[in-house]
Amino acid sequence: MKMFKSLSLLPRNVSPFQKCYSTDLISLVGVPRVKITKGQNRYLLVNIHTHGFTKYGRVIVRGADVDNHLTIFDSILEELEPQGICAKILGGGRILNEADSKKMKIYGTSRTFGSADHTRTRNILQSWTTYKDFKISVKN
């Protein structure tokens, strides 16, 4: 009888693991965390998730040398929507990427999406192997 009670608990314990390791959520891992260009960029801090699984999101940084942050957002949607991934903008700003001297400066705000958490952006950039050795300064 004890064995049957133990087995009845199994579905409740397995269900969260099924959600974590489903093929929908694995598609988030295939999205690069950082995509920025050299020089002065506008950037967005974006929380991505598969539709219906907002708890299991991932934060990414996207930047480009464009006229406004909406252009970056449009390119993010073009990249992610075919994969069934939703995007929520957490804010934006500017990044001065001096790749030759291995320095970066994160500052400013987006008029459209508001200010991003620049410290969080710095942590994401430093976790990325390309920018691990960079000296990254933040100005709020």
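Glycine is treated like the rest: Cβ placed from N, Cα and C.
Here Swiss-Prot has Ser110, Arg111, Thr112 binding substrate, and the candidate from Arg33, Arg42 in that same listed site is Arg42. Each of the recorded positions Arg42, His69, Arg111 was scored by how many other Cβ atoms lie within 10 Å of its Cβ, and the smallest score goes to Arg111.
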